[in-house]
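The next block holds one structure in the form of structure tokens; read it before the comments.
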Amino acid sequence: MKAPPPPSPVAKRARVSPFVFLLVLFLLLFSFLYGEDLKELLGSQAQARPSLHFNAAAAGDGIELPAATAATTEGRTTTRRWRGRLPFAANGDGEEEEEECDVFSGRWVRDEAARPLYREADCPYIPAQLACEAHGRPETAYQRWRWQPRGCALPAFDAAAMLDRLRGKRVMFVGDSLGRGQFTSLVCLLLAAVPDPAARSFATSPDQQRSVFTAAAYNATVEFYWAPFLLQSNADNAAVHRISDRMVRRGSIGHHGRHWEGADVIVFNTYLWWCTGLQFRILEDGPFDAGGNSSTTTWVSTEEAYAMAFREMLQWAREHMDFATTRVFFTSMSPTHGKSQDWGGGEPGGNCYGETEMIGDAAYWGSDSRRGVMRAIGEVLDGDGADVPVTFLNVTQLSLYRKDAHTSVYKKQWTPPTPEQLADPKTYADCVHWCLPGLQDTWNELLYTKLFYP
């Protein structure tokens, strides 16, 4: 039988109804507007986010600035999925389950009633470098913001409950001065459970390498250990470390790591000290201070050097931590606000000095925050570090908005400002560190959440 002839192109076109075009147009528009919601509904997101088992809450009353999204971070937004039981978890068996809420995506909400969580005058352990009120900051609006995740609420920070769950345990912060600030913030938050000075102690080693807060009734300690690169470096002196030609020794994680052994919860951080240029020097062999050819060094990209240190940190955790009983956290890079042109500031050469409001652009990303470092972390965690249950505290985006929260000029100045500097305060403003109480208390609310409600 002869096959019927194929339809002509004219016949084909005649069969296409105008409603088809309308349907296609509708589907494209629907996909554009609601594509992300569909992906969440169908569970097709490639990157897992954490689940929280406390009740969702409304955003609350007050000013809301701004709404951060995972898309603005270009890096890991949360902890990688871990199928084993997470120690210290208070929600069920502590295993990662279905996605419910990304606590790092949300907005800042003004909260006059409940903020700050403590007063500067009530925490005797705040160092002079972070005590902004004591050094003349005239307003405290920066203390009165609460982080509101999209779709849920952070659990209320309960100092007594935290210490009770950490009874007989050691919590250790390891890193640079930003890590020390987070450590100090947590100590201040915990004082609500140990108001009696006789029931607590705080000590710093003579070399300032280590500080330890002890809550005697709980037999619990919160500690800080200075290691700005995590690896052995030529900036390891906690008191004298203003070195421009910085370098780290390859394979040296154990140099500092021997002091971390036995900790039950470790919170690592390292970032700012790596930012000396596009390349970084690695000491392969020999002493740091050797001249001539007695030492062997190599230059690599800053991202490669950073990834090397991150891999060594993960390897140390594999060898020295029992993931059935201990937890590992990593606090993402803390942003700086040294260039007001980044956020459209009007004054040439301006910075965080005089800033009392946060940045309102949800997509804001400062020029000093290196996306390549965030990518390097993600690549290591998804590659060599896939077997290590490290919880990534992604505080970068929510902190990027907070140009108002830096210590600026309201801190102890170790070198008195010159008359020229006093005439132009922005020239000596600290746009790296954060006032306490303030932003870093939110970092610890997120730590509290991810420790007990992962």
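Cβ atoms are placed via backbone N, Cα and C, with glycine included.
The topological domain 'Cytoplasmic' annotation in Swiss-Prot covers 1-15.
Residues annotated as transmembrane segment in Swiss-Prot, with sequence analysis given as evidence: 16-36.
Mean model confidence for the topological domain 'Lumenal' (37-454) is a pLDDT of 86. The feature topological domain 'Lumenal' is assigned by Swiss-Prot to 37-454.
Using a 10 Å radius centred on the Cβ of Cys101 (disulfide bond) and all shown protein chains, the other Cβ atoms total 23. Look at Cys101 (disulfide bond): DSSP puts it in coil. Positions annotated as disulfide bond by Swiss-Prot: Cys101-Cys152 (among others).
Taken from Swiss-Prot, the feature disulfide bond covers Cys123-Cys188 (among others). If you draw a 10 Å sphere around the CB of Cys123 (disulfide bond), it holds 18 other CB atoms from the protein chains shown.
Taking a C-beta cut-off of under 8 angstroms and a sequence separation of 6 or more, Cys435 (disulfide bond) has the following same-chain neighbours: Leu130, Ala131, Cys132, Glu133, Arg137, Tyr142, Gln143, Ala405, His406, Thr407, Tyr410. Look at Swiss-Prot and you will find Cys132-Cys435 (among others) tagged as disulfide bond.
According to Swiss-Prot, the feature active site, nucleophile maps to Ser177. Residues near Ser177 (active site, nucleophile) in space but far in sequence (CB under 8 A, at least 6 apart, same chain), listed by position: Gln129, Pro228, His433.
Positions annotated as N-linked glycosylation site by Swiss-Prot, on the basis of sequence analysis: Asn219 (among others). Taken residue by residue with DSSP, Asn219 (N-linked glycosylation site) is part of neither helix nor strand, so it is coil. A C-beta separation below 8 Å, combined with a sequence spacing of at least six in one chain, links Asn219 (N-linked glycosylation site) to Arg167, Gly168.
Annotation comment: Swiss-Prot describes Asn293 (among others) as N-linked glycosylation site, evidence class sequence analysis.
Classification of Cys352 (disulfide bond) by DSSP places it in coil, neither helical nor stranded. The Cβ of Cys352 (disulfide bond) lies under 8 Å from the Cβ of His337, Gly338, Ser340, Lys403, Asp404, His406, Ser408, Ala429, Cys431, each of these being in the same chain and 6 or more residues away along the sequence. Summarising the annotation, Swiss-Prot assigns disulfide bond to Cys352-Cys431 (among others) and lists similarity to another entry as the type of evidence.
Here Swiss-Prot flags Asn394 (among others) as N-linked glycosylation site. Under the DSSP three-state reduction, Asn394 (N-linked glycosylation site) is assigned to coil, being neither helix nor strand. In this view, Asn394 (N-linked glycosylation site) is surrounded by 26 other Cβ atoms within 10 Å of its Cβ, with every protein chain counted.
Among the features that Swiss-Prot reports, active site, proton donor is placed at Asp430. For Asp430 (active site, proton donor), the number of other Cβ atoms no farther than 10 Å from its own Cβ, over all displayed protein chains, is 21.
If you look up Swiss-Prot, you'll see 430-433 marked as motif 'DXXH motif', on the strength of a curator's inference. Distant neighbours of the motif 'DXXH motif' (430-433): 129-130, 177-178, 181, 272, 334, 336-338, 351-353, 403, 406-409, 411; these residues of the same chain sit at least 6 beyond its ends, with a Cβ under 8 Å from one of its Cβ atoms.
The active site, proton acceptor annotation in Swiss-Prot covers His433. The DSSP secondary structure for His433 (active site, proton acceptor) is strand.
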Cβ proximity for Cys188 (disulfide bond), under 8 A, sequence spacing 6+, ordered by residue number, returns Tyr118, Asp122, Cys123, Tyr125, Ile126, Leu436, Pro437, Asp441
What's the CA-CA gap between Cys101 (disulfide bond) and Asn394 (N-linked glycosylation site) in angstrom, rounded? 14
Expressed to the nearest Å, what is the distance separating Cys152 (disulfide bond) and Asn394 (N-linked glycosylation site) at their Cα atoms? 17
If you count other C-beta atoms within 10 angstroms, which of the disulfide-bonded residues Cys132, Cys152, Cys431 is the most crowded? Cys132
His433 (active site, proton acceptor) has its Cβ surrounded, within 10 angstroms, by a count of other Cβ atoms equal to 22
Assigned element (helix, strand, coil) containing Ser177 (active site, nucleophile), judged by DSSP: helix
